[in-house]
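Engineer: Shown below is the structure under consideration.
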Amino acid sequence: MAVEGGMKCVKFLVFFFNFIFWVCGVALIAIGIYTQVALGKALMVSSGSSAGTPVAILVLGVVIFFISFFGCCGAWKESYCMVTTFAVLLSIIFLVEIAAAIAGYVFKDKVRSVLNEGLQEAMNKYGEDPVVTKTLDDLQRDFKCCGAINYTDWANIKQFQANDTVPRSCCNVNTTTCNVHPSPVTVYAKVRPPSQTPLPCPGVGPEPPNPPCAPQGCVQSIEGWMKKNILVVAAVALGIAFFEILGIIFACCLMRGIRSGYEVM
């Protein structure tokens with residue numbers, strides 16, 4: 001039975017939305033690679049679960065990329081089996097994304113503690129493990145930070161405790177003694193918003209535990225970077241979810257049309 005309007009339109013809509021999924025898959029792959037490159041050093045010194053986050057995004061992008069290709073073939077060839085498989089796989093991915101979003105919201109407050117624990121553990125291995133040492137040095141230079149909470153954390157590390165020093169990767173001035181008797185003047189210590197010039201903290205004794213002028217370390221720098229970029233990730237995720245829902249609906253309509261014996265040409 002030939003149908004000139006309905007099913008023919010649905011067929012091309014499914015094909016079109018699969019192209020959108022393909023683009024979304026590429027976007028997720030790009031986000032995964034960008035996150036891995038930008039936060040690779042931070043994730044390396046963090047927990048194993050955190051280190052796998054960019055990889056999970058990358059894998060999800062690859063899966064969506066191939067599923068969209070599968071859906072395009074099913075729609076073009078009008079294969080009931082392929083379209084059904086596409087709809088089922090897309091539904092599973094949608095449910096996984098919802099579960100991931102819920103888990104991310106529930107555990108969002110643990111990001112700081114996970115980063116802090118990972119950085120403190122890495123600091124304890126500084127100088128002993130060459131890989132950790134280089135990673136931590138690169139991290140401090142890239143994020144312009146020093147220590148986990150602030151530069152005074154290095155005073156708790158045995159090799160820096162005796163002579164009151166910090167690693168040279170903490171230095172924000174190019175002098176031979178910049179890492180000796182560190183202060184917000186000589187080492188990275190963000191005491192003002194990034195848009196303003198960092199200034200020495202006038203005194204944190206009588207002020208609250210974490211005053212606006214208190215020196216900040218790598219935990220706050222990495223956390224700030226994540227917050228700044230989370231809107232982009234959230235926007236992409238919402239866009240993908242919207243197109244996935246439409247794709248599932250149109251795929252189900254096409255399945256019904258094919259099974260009912262429509263000839264979609």
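Each residue, glycine too, has its Cβ placed from N, Cα and C.
Nobody curates TrEMBL annotations by hand; they come from automatic prediction.
For 12-35, 55-76, 83-107, 230-255, the entry in TrEMBL reads transmembrane segment.
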Engineer: So which of 12-35, 55-76, 230-255 is most in touch with the transmembrane segment (83-107), counting Cβ pairs under 8 Å?
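Structural biologist: Against the transmembrane segment (83-107), the leading stretch is 230-255.
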Engineer: Which residues of the chain, 6 or more past the ends of the transmembrane segment (230-255), have a CB below 8 A from one of its CBs?
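Structural biologist: Beyond its ends, the transmembrane segment (230-255) has Cβ neighbours at 7, 10-11, 13-14, 17-18, 20-21, 24, 27-28, 31, 64, 71, 75, 80, 83-84, 86-87, 90-91, 93-94, 97-98, 101, 264.
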Engineer: State the residues, same chain only, that lie 6 or more residues beyond the ends of the transmembrane segment (12-35) and have a CB under 8 A from a CB inside it; answer 'none' if no residue qualifies.
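Structural biologist: Non-local partners: 53-69, 71-72, 74-76, 83, 86, 90, 232-233, 236, 239-240, 243-244, 246-247, 250-251, 254.
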